[in-house]
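Below is one structure; the comments refer to it alone.
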Amino acid sequence: MTGSLPMELFISRMPKVDLHVHLDGSVKPETVLELAAAQGRQLPAGDVQGLLPYMQVEEQCESLKQYLSKFDFVLQFLQTAEALERTAFEVVEQAARHNCKYVEVRFAPQLHRQGGLTVDDTIRHVIAGLKRGEEAFGIGARAIAICMRHDSLPNNSVVIEAAARFLDQGLVAVDLAGDEAGFPAAGFHELFGIARQRGIPVTIHAGEAAGPDNIYEAIVHLGATRIGHGITLRDDPAVLELVKERQIVLEMCPVSNIQTKAVPDWASYPVREYYDQGLAITIHTDNMTVSGTNLTKEYEIVADRFGFTAVELAAIVMNGVNAAFLPDEQKQSLREAVGNEFRALGLEMKLGNRG
Ligand SMILES: O=c1[nH]cnc2c1ncn2[C@@H]1O[C@H](CO)[C@@H](O)[C@H]1O
Ligand SMILES: [Zn+2]
């Protein structure tokens, strides 16, 4: 029941959270125009329409690798304090526009050092932008630091050690992203051992471009309590059972998952299957610009294609609230704020789909 609201309106108005959104994949083309001018850099096009092909994947994207090639262009402009602060602020702005109440913005510090910034600098500037966004838009925003799969152990260790210094200062977790098929999770035991030692929460991209063994590795050996995507989970019933048992959260990003060919088509997308099995699934954007998406669109698609009701969508949002890397007290106020908004939309809700 959505009360008297048509589904589309309900979805656009409902409170949401985005726990999986990359900073460099969510830069507005308008902003690149201004950053390029300020930085004295040449652009291949002088307007938003002309820039889009450099920033957004084509319909016929074949793989995660091809998808990842889109990030090179935008990263040139994200090498200064100003650019990091501004783009972090603007991710919060874009999220707030879709009535997102809380956003965890992830980025890879080592990809932003060509202008001489240290890893600590990059984290500081991103957090500053998120804080300004929190104040301007009245929503919550935290950072997640990403280690890149192709990077060296020393470089990635610096990221984890820096993350430890910013823990509870605006940064809440660490992640591993990049070419999953080329660099499986098993190669990162030592790196994420540091995260465990330092007590940093972990989410790992896994089961997106490789099999469920990567999900197993991420949970058992890398300490992940949340999994980015986890699409291939159904290929191994034992790993699926482990995810269920440990209440591991799946950060699903439908539009991106279709583009990277995590599944060949919508008919094989497992969101309904996972939900009905009682897995703690959540819905996010991954990369608003690269994927050409936003939170409203993601929820519209799953509602449309998989027949999720308003009550079910609310349960998915609540799964996200429960999975936020926030201290209990802050999570509780987020839960109350989100619950109140659902009630104002005429929905009596249960908290998540796990009963
Ligand atoms: O869906 C994804 N899977 C794996 N890696 C990704 C995905 N989206 C973005 N990145 C990678 O994360 C870096 C830091 O944000 C991006 O530059 C991109 O290489
Ligand atoms: Zn991602």
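In case you wondered, yes, glycine gets a Cβ from its N, Cα and C as well.
TrEMBL names His20, His22, His205 as Zn(2+) ligands; from the candidate set Asp151, Asp265, Asp276, Asp286, the record adds Asp286 to that same site. For the substrate site, whose binding residues are given in the record as His22, Asp24, Gly178, the maximum C-alpha distance rounds to 13 Å. Listed in chain order, the residues near the Zn(2+) site other than His20, His22, His205, Asp286 are Val21, Gly25, Arg106, Asp175, Ala177, Gly228, His229, Glu251, Cys253, Ser256, His284, Asn287, each with its Cβ within 8 Å of the site Cβ centroid. The CA atom of Asp286 (Zn(2+) binding site) is located 9 Å away from the CA atom of His229 (site 'Important for catalytic activity').
Taking the mean position of the Cβ atoms of His22, Asp24, Gly178 as the substrate site, the remaining residues of that chain whose Cβ falls within 8 Å of it are Leu23, Gly25, Leu68, Phe71, Arg106, Phe107, Ala108, Leu111, Ile146, Met148, Ala177, Asn287.
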